[in-house]
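Engineer: Pasting the relevant annotations from TrEMBL:
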{"type": "DOMAIN", "residues": "8-43", "note": "domain 'EF-hand'"}
{"type": "DOMAIN", "residues": "53-70", "note": "domain 'EF-hand'"}
Amino acid sequence: MSEDVTDERLARLKREFASLDGDGDGYITEAEFRAHFPELPAEAMPALRDTGDADGDGRFSLEEFIRLMP
Ligand SMILES: [Ca+2]
Ligand SMILES: [Ca+2]
């Protein structure tokens, strides 16, 4: 999959993921995402979910998060 992910970037994304994952269950739900980005418009979520939620379970795993983030 993502050979271009450097260790440094991966470490940063893991930290970001952990800070977003409020209950620490290893998945970021839509509610957790919105709690972290309250300024994000509601209409942005469906697009995020379409793009980021590869397996369609309604939450972001670390792998999905890494693919989603620039
Ligand atoms: Ca969580
Ligand atoms: Ca998912």
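Glycine too: its Cβ is placed from the backbone N, Cα and C atoms.
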Engineer: So, by DSSP, how many helix, strand and coil residues make up the domain 'EF-hand' (8-43)?
Structural biologist: 20 helix, 2 strand, 14 coil
Engineer: Summarise the domain 'EF-hand' (53-70) as counts of helix, strand and coil residues per DSSP.
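Structural biologist: Across the domain 'EF-hand' (53-70), the residues distribute as 7 helix, 2 strand, 9 coil.
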